[in-house]
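Below is one structure, written out as structure tokens; comments come after it.
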Amino acid sequence: MEQQEIRYRKGDTIELIITDHAEKDKCFGKTAEGMGVMVSGILAPGDRVSAQVYKVKQRYLEARAIEVLEASPDRVEPVCPVFGSCGGCKWMHVSYEAQLRYKYKKVTDSLAHIGGFENPEVLPVLAAPDALHYRNKVEFSCSNMRYLLQAEIDSDALAKPKSFALGFHAPGNFEKVLDLDTCYLAKECMNTVLNVVRDFALERGLAPYAAKAHEGYLRNLALRYSERYDQLMVNIVTSWHDAALMQALKERLEAALPEQRMTIVNNVTTRRNTVATGEQEYVISGEGYVTERLGDLDFRISANSFFQTNTRQAETLYDQIIAVGGITPEDTVYDLYCGTGTITLYLARHCKQAIGIEVVESAVRDAQMNAELNGLSNTVFFQADLKNFHAMQEALAPYAKPRIIVTDPPRAGMHPKALDTMLKLQPERIVYVSCNPDNLARDGKEIAARGYRMSSAQPVDMFPQTNHIETVACFERVE
């Protein structure tokens, strides 16, 4: 007798086993009958869950998890009491060993399924030495709309003022902010500053920024920490400058952290956004920047400079670029999307000449300053649009052709025209540094089609407790 096909409807409650992670913070699973389901919720592969169907597609269902009936062996108790409400961490509910497995699988699957690489040579993920408190940069937002936790809503008792919050935006909500006492990815001194600034603001009645009305004084609190030199930068972003108020806050911060080397700046912005940068900057105390060390190089980091957020793993990442690239003292190396020059300068110690190319003019100036700071004379930085091959060719004419090109594009990957420009330069090796395995696979497929083979892919975990993974992939030209 032929088995009757099961028909699913919107609103049905189903039971399934979670088998894998999917895109946009969802997981994938299958019902006992073999129907694929995309499930939203805080889940892990191996969980047996009940879920409610909210969309029926021809080949799969979309559902929301209701209850975990049987927990995955990968699960652990999150250390953060607001995990799940805060969008900063996605995987704090699973062990770090499991996180590394998931990330390895993501890189391998992307290269195989999107890139078409058969049995890609993916090396074991290089784990971070610190799974918590590893971030050297944290940006907190201030809002007049505090995101209420479910426990508060259920009890109808407010633990904190409803009209003030300093913390992170709730997932998918750009108006409301989850008020935090502690971020478990931030350095301990950063959490001290967070609480001092909140207490000070509440005591003084400082108006938090209201995004809709474009009103309010306190907008953001952006913190940077130098691991090697134990320096802390406190950047208070406000709608206007109040010198007396900043002086009072400075004294409060110095009293709370008497042994901490600290610089305090006040960025002022009138823009209609919630970005932690300003049109004007006032240095309240200290030098107005911190200095960080990678390898034997110093980098000056101002409030709005880009710098890798995990200092210790940044060194690991850059060492891998040198290792997989096989860089020698006779090489000329190009660094595409060089930003403020951290990779270029790191490479310069190992090659004859390192040339950094960047489209943002201010980043090029920072890169040149960092080269001078470290006394490096074998680096060149210039502003150019990688999408314009002829302009690039003209700018690069005075320099030797590169044996190796390093490319570290933004999360979206390389623009097709920029990719074409790179391939027309015909280096022997391309070292592709990626923070998005899908786009690495997409661009890698085109690189392979143009006469290169992928010799290795080395994942580096820069961001424990999250689903992000960096990969250093090496492509060698096939003669």
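Including glycine, each Cβ sits where the backbone N, Cα and C put it.
What you see is a predicted model, and the numbers here were worked out from it, not measured in a lab.
What TrEMBL records for 7-67 is domain 'TRAM'.
For the recorded site, Glu358 (S-adenosyl-L-methionine binding site), the DSSP three-state label reads strand. Taking all protein chains in view, 24 other C-beta atoms sit within 10 angstroms of the C-beta of Glu358 (S-adenosyl-L-methionine binding site). Per TrEMBL, S-adenosyl-L-methionine binding site is recorded for Gln308, Tyr337, Glu358, Asp408.
In the three-state DSSP scheme, Cys435 (active site) is classed as coil. Annotated active site per TrEMBL: Cys435, in sequence order.
Residue environment of Cys435 (active site) contains 17 other Cβ atoms, counted within 10 Å of its Cβ in all protein chains. Residues or ranges marked as active site, nucleophile in TrEMBL: Cys435.
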CB neighbours of Asp408 (S-adenosyl-L-methionine binding site) within 10 A?
21
Quick one: give me the count of other CB atoms within 10 A of the CB of Tyr337 (S-adenosyl-L-methionine binding site).
20
Counting every protein chain present, what is the number of Cβ atoms, excluding its own, within 10 Å of the Cβ of Gln308 (S-adenosyl-L-methionine binding site)?
21
Would you list the other residues of this chain near S-adenosyl-L-methionine - those whose C-beta lies within 8 angstroms of the C-beta centroid of Gln308, Tyr337, Glu358, Asp408 - in sequence order?
Phe306, Asp335, Leu336, Cys338, Gly339, Thr342, Ile343, Pro409, Val433
Distance, Cys435 (active site) to Gln308 (S-adenosyl-L-methionine binding site) (CA atoms, angstrom)
12
Greatest inter-residue Cα distance in Å for the S-adenosyl-L-methionine-binding set Gln308, Tyr337, Glu358, Asp408:
17
